[in-house]
Amino acid sequence: MQLLRALGVFHVSMILFSATLGTGIFVTPKAVLKYSSLNIPVSLSIWAGCGLLSIMSALCNAEIATTYPLSGASYYFLKRTLGSSVAFLSLWIKLFAHFLGIGAQCLLIATSVIQCFYSGCPAPELPTKCLALAILWSFGIVSARGIKTVAWFNTVSSFIKLSVLCLISLTVLLVNGKKENVSRFENALDAELPNASQIADAILQVSYSYLGSSVLIVIAGEIKRPTETIPKTLIYGISIVTVLYLLTNISYLAVLTSQEIIFSDSVGVTWMNRVFPSIQWISSFLISAFLLGSVSCGIVSASRVFYSASQEGEFPSIYSMLNDHHSPAVADIQIVILSSVAIISSSIIYLVKYVSLGSFCINLLQMIGLLKIRYQNPDIPRPYKVWLPFIFGSIALSLFLIFTPVIQSPSIEHVYQVVFLFCGFLCYWLQANLNGHATCFDTITCYCQLLFNISPSEDPEEQKN
C-alpha cells in the first residue's frame with residue numbers, strides 16, 4: 001500500500017491558494033505602509049518584489065520535489081544531503097511549528113465566530129476552546145479520509161478566498177471609482193522615501209503573507225506527474241496571488257486614507273465596514289474562512305512529515321502505516337492530539353513565536369543541501385533544474401529573514417529561539433541512543449494496526465517510480 005497520486009493541476013492549484021492566501025492580507029498592509037513612510041509606490045513595489053522573491057524560492061523547492069517526488073520530500077532530501085542530525089532538526093522545528101500554529105489558528109477561528117454573539121465584550125474562554133477543538137477534530141477527520149477529501153475541501157476554501165479578494169479588488173472599479181478616491185494617488189510620488197532599515201522591516205512583514213507554497217513539496221508523493229505539475233503550479237499560482245495582493249492593496253488605498261490604514265487593527269475589516277456598513281457582522285466569518293484552509297493544509301503537511309520520518313526510521317513505524325483511504329491516520333491523530341493540548345493550555349500557544357526563526361532556517365538548510373548536491377552529484381536525474389543564481393538568491397533571502405530581526409531589534413526571544421534549536425540536537429542524541437532499546441513500540445504497533453485498520457506502506461525508493 002502507498003499514498004495515492006490523485007492530485008492533478010487543478011486540485012494542486014487549489015491547495016496552493018488555500019495554503020498561501022491567509023489573513024496576512026488583512027493585517028500586513030498596515031505594517032508595510034508604515035515602514036514605507038506612507039509612500040504608496042514603495043509599498044506596492046515591496047508587495048510585487050516579495051512576490052517575485054517568493055516565486056524564486058518556490059522554484060528552488062520545486063527542484064527538490066521533482067528530483068525526490070515523495071511525500072515529506074524536504075525531510076527525505078535533507079537526510080540524504082546534510083545528514084540525519086540536520087534532518088531531525090528540521091523535524092523538530094516542524095513538529096512544534098505545526099501543532100502550535102494549528103492550535104493558534106483554530107482558537108482564532110473560534111474567537112472570530114463567537115465574538116459575533118458577544119459584541120462589546122470579550123468572548124468567553126470555555127465556548128471558544130470547545131469550538132476550537134470541534135473545528136480541529138473535524139479537520140483531523142477530513143485529513144484521515146484521504147487526500148482527495150482534503151483536496152475538495154481546499155477547493156471550496158480557495159474559491160471563497162479568491163472570491164473575497166476579487167470582490168475587494170473590483171469593488172473600487174465598480175462602486176467606488178470616484179474622484180476623491182482616485183485623487184489619493186495623484187501626489188503619491190511626493191511622499192518621503194524610507195531608509196534601508198525600514199525597507200528591510202517591510203520586506204520581512206510581507207514575506208509572511210507569501211508563506212505556504214512549501215505545502216506542494218510536502219505532498220509531492222500524492223501529485224500526478226509531479227515533474228510537470230509542481231513547477232507549473234508554483235509559477236502560475238504565486239503570480240496570481242501576487243496580482244491579487246497588489247489589487248487588494250490598491251483597493252484599500254482607494255477607500256481608506258493612509259492614516260486610517262496605519263491606525264486600523266485589521267485593514268480588511270475596516271475596509272469592509274466602510275464599503276458595506278450594513279453587513280459588518282460578516283467580517284468575522286470572512287476572517288474565519290481565510291484560516292480554515294490553512295488549518296487543513298497544516299494538518300496534512302504535518303502528517304506527511306511524520307510519515308516520511310517514520311519511513312526513515314526516526315519515528316515508530318506506526319506513523320507510516322496507511323488506512324483504507326491511503327492516509328497516515330495515526331500521524332493525523334497525533335497532530336490533532338498535540339494541537340488539542342495547545343488549545344486547552346492556550347498559554348503555550350504563545351511559544352509559536354519562538355519557533356518562527358526555525359522556519360526560515362529550514363529553507364536555508366534546503367538551499368544549502370540543493371547547492372551541495374548540485375556539485376557532489378551532478379549526474380542525478382533532475383526533471384526540473386532551477387537556474388543556479390536562484391539558489392544563491394534564496395540563500396541570501398533566508399539569511400536576510402533570519403538575521404534582520406536579530407540586528408534590528410535584538411531581544412531575549414532570539415536567545416530562546418537559539419536554545420530551542422540546540423534542544424533539537426539534544427533530542428536527536430537521545431533518540432539515536434534510545435531508539436534501538438524501545439522494543440515496547442512493536443507491541444503497541446500491533447495493537448494500533450488492529451484498532452485503526454492500517455497496514456505498512458511501501459519503501460520510499462519504490463514510491464519514486
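Note that Cβ sites are derived from N, Cα and C of the backbone, with glycine treated the same way.
Under the topological domain names given by Swiss-Prot, ALA31 lies across the membrane from SER457. Sequence-distant residue pairs (6 or more apart) of the transmembrane segment (7-27) and the transmembrane segment (410-430) include fewer than 3 whose Cβ atoms are under 8 Å, leaving the two stretches without contact. The transmembrane segment (155-175) is not in contact with the transmembrane segment (410-430), judged by fewer than 3 CB-CB distances under 8 Å for residue pairs 6 or more apart in sequence.
In this chain, the transmembrane segment (387-407) lies in contact with the transmembrane segment (40-60); the count of Cβ pairs under 8 Å, excluding pairs fewer than 6 apart in sequence, is at least 3. Same-chain residues lying 6+ beyond the ends of the transmembrane segment (203-223) with a Cβ under 8 Å from its Cβ atoms: 2-7, 12, 15-16, 19-22, 24-25, 28, 31-32, 35, 46-47, 49-51, 53-54, 57-58, 61-62, 64-66, 68-74, 147, 229-230, 233-234, 237-238, 241, 245, 294, 297, 300-301, 304-305, 359, 363, 400-401, 404-405, 463. Taking pairs at least six residues apart, the transmembrane segment (133-153) and the transmembrane segment (357-375) share fewer than three Cβ pairs below 8 Å and do not count as touching.
Remote same-chain partners of the topological domain 'Extracellular' (28-39), defined as residues 6 or more beyond its termini with a Cβ less than 8 Å from a stretch Cβ, comprise 46-47, 188, 191-194, 198-199, 201-202, 205-206, 208-209, 248-249, 252, 258, 261-262, 264, 267.
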